[in-house]
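Listed features, source TrEMBL:
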- 34, 35, 36, 37, 38, 83, 84, 114, 137, 171, 287, 311: NAD(+) binding site (BINDING)
- 116: active site, N6-AMP-lysine intermediate (ACT_SITE)
- 405, 408, 423, 428: Zn(2+) binding site (BINDING)
- 590-670: domain 'BRCT' (DOMAIN)
Ligand code: IVH
């Protein structure tokens, strides 16, 4: 293919793929199969690989292409991004309408009502039709440049359907479904779940590595125009329609309302209907439709006089707390849960709410039999807000946490600096059972066909007591379980057998060592390569690994010091489980570079490379970049103001380079 032909083909593929993307993500109406899309995308990327100079900014391959950043650049908003005044009830809305009518000296005002999307405000700048910059609102005057992260949002067009220059504004958000599945994965990974979709969206867009944002399934609705020199439309509703014509995703629920009564009807309807949406809204935004009228009304110091945000009250419900149930988690934490008389809140029926710990129960003075007010935090996770004291009789029973574990009867303890009570009996059946559920889970050993129910049955039948027993299960035993036929037993046994071949990181994560999530497990496996090495690692060896902190190192050392653990690992080994890392450690990296197999530490202020870039380039050449200097360090690269790491390296007589030397060597290696 000549360059000329490549150019033409790329142009056609880009247009085609961008159009498919628009149909799928903006119109929600896909016109080709995923396979067809993937095939075209492959074609595009392979031509681009051959002719990298022909890659354009609007190529669909550029959505996740960005490198991680060191920090976000600041962006000055040439037109400030203001926020809105609030209305909390009908009276506030009527006051707003009165001010508008007085300001315009007219009785007839047309408003546009829109859903108030609960996400974060974003500005998108297009130059000659091409998406060039995306920013957060920040303080309204200055935001942060999050272009790379925003490019990962598929409903944001990389090129608009008019070669004009325009800055548009809208709300980036995380759909509820994405939020729920992301939190599920985070919990499985021992990561703190996000409290609500809003925080999750904000957290995702604040990631320096766009690959993380790309995985978060964010979306956006555009609702305003910021800077626009050639703008000539007369009403806000015309602008919304124009945004849609340009290829932006606008929210379809907006309506024109004549006068405040119609506005109030719209607001009231959505108090009910909001539960049916697949994304969160926290109110309704009401805007004067005529743009000249908007101009005439102007702004106060903080917000426009032509718009207001009606905020929904957090939906609450009253119900009875029937009981408090205790459960023991994998790490022994005893958690109280309120069992409630079923009640509907924000669209779903709630019958349980976590009470978290004893302190919370005491603080709110929650007693069994109380009438309680509940709400959904971030409208998702049910929580007890308070007790309705007026409903208290002398029948409610105060609740105290037990001294013994509800599962095994051993004493529970309150560890220093923790509010949680813990059962520390390593043989506690509830912990073992939860531990096994974790062991077989998707991110750990990923054993298909072993759901919670089956594990519960296996424990009840006393077929298993430890992880090792899982690999000793017999066909006849399994056949005796409820709802287990020949076929499912065979499939299960095959899945168990296959799991023996898993690479070390899955086993490590599955063991459930405190603070070791799946990412840390991979780092450990990659670094130590075998279980033997890891078992022998000292605290110092561990903290020398990038991303392994004191807390985790401590926990790992304590874990492997336990004789029961050593015994378990010995048994697993005998049962045939793989104990080494099978991943692609520096597989593509040359084995004959200056950095091959070397452990390198970066310190001080680097001027030529960003930290991330230096790390990546060294790793690409087979080096291993770690966080701190130890006997294992082969090379220290020191920028300006290098401190204690430099001193330590000198003491250990480790080779030290400055940044210029690094640049020189990288140049030679390239
Ligand atoms: S218009 C100057 N429309 O609510 C007017 N804002 O409290 C700019 N928001 O910062 C805002 N949905 O983050 C507007 N349909 C909508 C909105 C909306 C959500 C957010 C936005 C803004 C905040 C105002």
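Cβ coordinates are placed from backbone N, Cα and C, and glycine is handled just like the others.
Here the C-alpha separation of residue 287 (NAD(+) binding site) and residue 116 (active site, N6-AMP-lysine intermediate) works out to 12 Å. In the three-state DSSP scheme, residue 84 (NAD(+) binding site) is classed as coil.
Here residue 34 (NAD(+) binding site) is positioned 47 angstrom away from residue 428 (Zn(2+) binding site), judged by their C-alpha atoms. Every protein chain shown contributes to the tally, and the Cβ of residue 34 (NAD(+) binding site) ends up with 9 other Cβ atoms within 10 Å. For the recorded site, residue 408 (Zn(2+) binding site), the DSSP three-state label reads coil. With respect to ligand 1, the recorded positions 34, 84, 116, 408, 428 contribute 84, 116 as residues with a C-beta closer than 6 angstroms to one of its atoms, given in sequence order. Taking Cβ-Cβ distances under 8 Å and a sequence separation of 6 or more, the neighbours of the residue listed as 'active site, N6-AMP-lysine intermediate' in its chain are 281, 282, 283, 284, 285, 309, 310, 311. Across the structure, residue 405 (Zn(2+) binding site) and residue 137 (NAD(+) binding site) are spaced 49 Å apart at their Cα atoms. Secondary structure at residue 287 (NAD(+) binding site), as computed by DSSP, is strand. Around residue 428 (Zn(2+) binding site), a 10 Å sphere centred on its CB holds 21 further CB atoms from the protein chains shown. A strand conformation is recorded for residue 423 (Zn(2+) binding site) in the three-state DSSP classification. Distance from the CA of residue 423 (Zn(2+) binding site) to the CA of residue 38 (NAD(+) binding site) is 50 Å. Of all the binding-site residues listed here (137, 287), it is 137 whose C-beta has the fewest other C-beta atoms within 10 angstroms.
Of all the binding-site residues in the record (34, 36, 84, 137), the one with the smallest CA separation from residue 408 (Zn(2+) binding site) is 34. Distance noted between the C-alpha atoms of residue 36 (NAD(+) binding site) and residue 423 (Zn(2+) binding site) is 54 Å.
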